[in-house]
Amino acid sequence: MEILSARALEGLKQYTYKPGGYTWLDRLHNPMWNWMVTKLPMWLAPNLITLAGLVLMIIAYAVLWQMTPDFTGEAPSWAYYFAGISIVVYTNLDNLDGKQARRTGTSSPLGQLFDHGCDALALHVMLSLVQTSLNEPSCTFTSIAATSVYLPWLISHWEEYHTGILMYGDGWFGILEANYVLAIITFISGTFGVGVYETPMQSLVPWWPWPMSVKHAFIIFAMGISLVQFYGQMYRVFSREWQSLPELERGNKELGTQPRLKHLAYVGLLILVGIVYLADDRLQPYQARVSALLYGLVYATVATQLIMDHMCKEPFQPPLVPLGVLIAAMVNSLAQAVDGRALAFALAGFMLVYYSIYATTVISQVTTYLGIRCLTITPKRA
């Protein structure tokens, strides 16, 4: 089975990464990252660095999944510390892979694709770790909050598709800062217990105008930041003429106002269906967890497709199967036609297989076409 055409593979070969700038914290960390990468063995493949960080986070995710089946309840302190450490480790390893690639002379479009694909999965894992640390159950408020964080990350890649530049932040607050905030939340839960986030804001800030807990104030603040990021993304894309994109960057993409709106409509539907589905107050053990996992897998599949189409300079083909799976789950959550937990497990299992086949097929095609390996370094010919 082939997913990428010969034209797509040729477009991928010509891909070059154009970051939109770095934040103050990125610049502060860069000397440390430069030092750390010199301590890595030359045989260590860059993609393996990213994968190791992701696996560590998934282990922390599995631990808290077992201890708090519904995102709520008190887990041992070490579990929250482990979650925070895994976020910090992943975040820093994610910034070492590119440096290791340049150091070993193995930079390739596959590395960028693999990195962003891991990030798409990592976003769900991180949000789940933080939801557990905040002791926040599944509800309408939580679903809106979660999808408001998912939205700007996906839209950043939509922006890259149409402008050629990947902007993850505004120069002051970006991915590194956001991930450290998430890690701090888990460390606080490990130190003081999850109950600390139930503290009324008015007991800390007497002039606070509304009765709400610390965790809800934080979540609303995070949603506000996401909306500000989203506004900036919309402005940068729609204030720019598509003809300003270099000819080499255009490739065979669908560009212009109509494609932009078509892509946004698909993303909007993905977010809206996600809000409705995740808003269901699930009472069966593990149902909330597996429902969130289902959405995370659907999201990662869509994000990876968008990233791939941008890198290959191809028309974005909105994946219909993942969206159809999510719509089926949402409809059942409203109609209660079959057992919701059983369906969620079945659909999550299907999406896990679907995404795995998609990812491994794409990786196989790219490695074959470029004559490289994914998790090991190809020996240089004499």
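A Cβ is built for glycine as well, from the same backbone N, Cα and C atoms used for every other residue.
Positions annotated as transmembrane segment by TrEMBL: 42-65 (among others).
The transmembrane segment annotation in TrEMBL covers 77-93 (among others).
Taken from TrEMBL, the feature transmembrane segment covers 178-197 (among others).
What TrEMBL records for 217-238 (among others) is transmembrane segment. Residues 134, 136, 141-142, 144-145, 148-149, 151-152, 155-156, 158-159, 162-163, 167, 169-170, 173, 185, 197, 201, 208, 257, 260 of the same chain lie 6+ residues outside the transmembrane segment (217-238) yet bring a C-beta within less than 8 angstroms of a C-beta in it.
Annotation source TrEMBL lists transmembrane segment at 259-278 (among others).
TrEMBL lists 290-308 (among others) with the feature transmembrane segment.
Under the heading transmembrane segment, TrEMBL lists 320-338 (among others).
What TrEMBL lists as transmembrane segment is 344-372 (among others). Tertiary neighbourhood of the transmembrane segment (344-372): same-chain residues 1-4, 9, 12-13, 106, 108-110, 113-114, 117, 287, 290-291, 293-294, 297-298, 300-301, 304, 308, 321-322, 325, 328-329, 378, selected by CB-CB distance under 8 Å and a gap of 6+ residues from either end.
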Per the Cβ under 8 Å criterion, with at least 6 residues separating them from its ends, the transmembrane segment (290-308) contacts 4, 8, 71, 113, 116-117, 120-121, 123-125, 127-128, 131, 138, 146, 150, 153-154, 157-158, 161, 263, 267, 270, 274, 277-278, 280, 282, 314, 316-319, 322-323, 325-326, 329, 340-341, 344-345, 347-348, 351-352, 354-355, 358-359, 362
TODO: For the transmembrane segment (178-197) and the transmembrane segment (259-278), decide whether they are in contact, meaning at least 3 CB pairs lie under 8 A, counting pairs 6 or more apart in sequence.
DONE: no
If one takes Cβ-Cβ under 8 Å and requires six or more residues beyond its ends, the residues near the transmembrane segment (77-93) are 29, 33, 36, 49-50, 52-54, 56-57, 59-61, 63-64, 67, 122, 126, 129, 132-133, 175-176, 179-180, 182-187, 189-191, 193
